[in-house]
Amino acid sequence: MFKKWSGLFVIAACFLLVAACGNSSTKGSADSKGDKLHVVTTFYPMYEFTKQIVKDKGDVDLLIPSSVEPHDWEPTPKDIANIQDADLFVYNSEYMETWVPSAEKSMGQGHAVFVNASKGIDLMEGSEEEHEEHDHGEHEHSHAMDPHVWLSPVLAQKEVKNITAQIVKQDPDNKEYYEKNSKEYIAKLQDLDKLYRTTAKKAEKKEFITQHTAFGYLAKEYGLKQVPIAGLSPDQEPSAASLAKLKTYAKEHNVKVIYFEEIASSKVADTLASEIGAKTEVLNTLEGLSKEEQDKGLGYIDIMKQNLDALKDSLLVKS
């Protein structure tokens, strides 16, 4: 707990320092400044959604490196200065980027407009495992609500709309351009939604076991059941009692696949799979991209299609 509050004080101090050194006037639109729109985004989905809207009309920065787990990441003074200098700062929610509310309160006039991409989306509560872990004070960051809304193609559309609205407000001269890009990308997300919906209807099984509670919104949208090994943060480990229940559940439901994510340790998933005679496969949370994915030029929609193909092994989808 002391470490958590110490971190928040450091963040607050950094923002105050940057604010004191920066321009105290309120930021204007991109055109009034005479340069391109500058948007800073926190982690990969926020970057992807924003880039699809802005394209060549602005510069979009990714704050958290794609190879870094974003749940417990905190900004450096350099990161804070980058946010301070931007026109817009796009983040998923205070339940994912838990440092954002403190940072925003600490900033003076002239900072970027903060854009909560999940604004207006009904968030689900965290898992029982998550609450149990935090009751014992074992984790510094609280995810009382599930922040993983971007993993539902339907809710991803809402995030794109939220981001678009703020971009248009900041740079109204390019309104038609941004809205055209947004509509085109949303159409692709709608096609992705149809693909998931059609596949889910063909599934013989509905449950799948994941490394952590990241796919609740996706499961709810398509009538599936996510069975998580741990809570909302991938570095959590289940209690012995929870793991024993999972083993029993997996055997009773003839589970053949345990899903894990590439940018977090797969140790627990590997152990469970070994003990029940299952295999492991990647189910990508899109919290960051691997170097291989980046080299291939893969995007949100590509990887969500890969996720669907991986899920077919558990759901026993009829051809």
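Here the Cβ of each residue, glycine as well, is placed from N, Cα and C on the backbone.
Positions annotated as Zn(2+) binding site by Swiss-Prot: His71, His148, His212, Glu287. Using a 10 Å Cβ-Cβ cutoff, His212 (Zn(2+) binding site) registers 29 neighbours.
If you look up Swiss-Prot, you'll see Cys21 marked as S-diacylglycerol cysteine, on the strength of sequence analysis.
Taken from Swiss-Prot, the feature N-palmitoyl cysteine covers Cys21, and the record attributes it to sequence analysis.
What Swiss-Prot records for 1-20 is signal peptide.
Note on the binding-site residues His71, His148: the fewest other CB atoms within 10 A surround the CB of His71.
Counting only same-chain residues at least 6 apart in sequence, those with a Cβ under 8 Å from the Cβ of Glu287 (Zn(2+) binding site) are Phe43, Tyr44, Pro45, Glu69, Pro70, His71, Glu261, Ile263.
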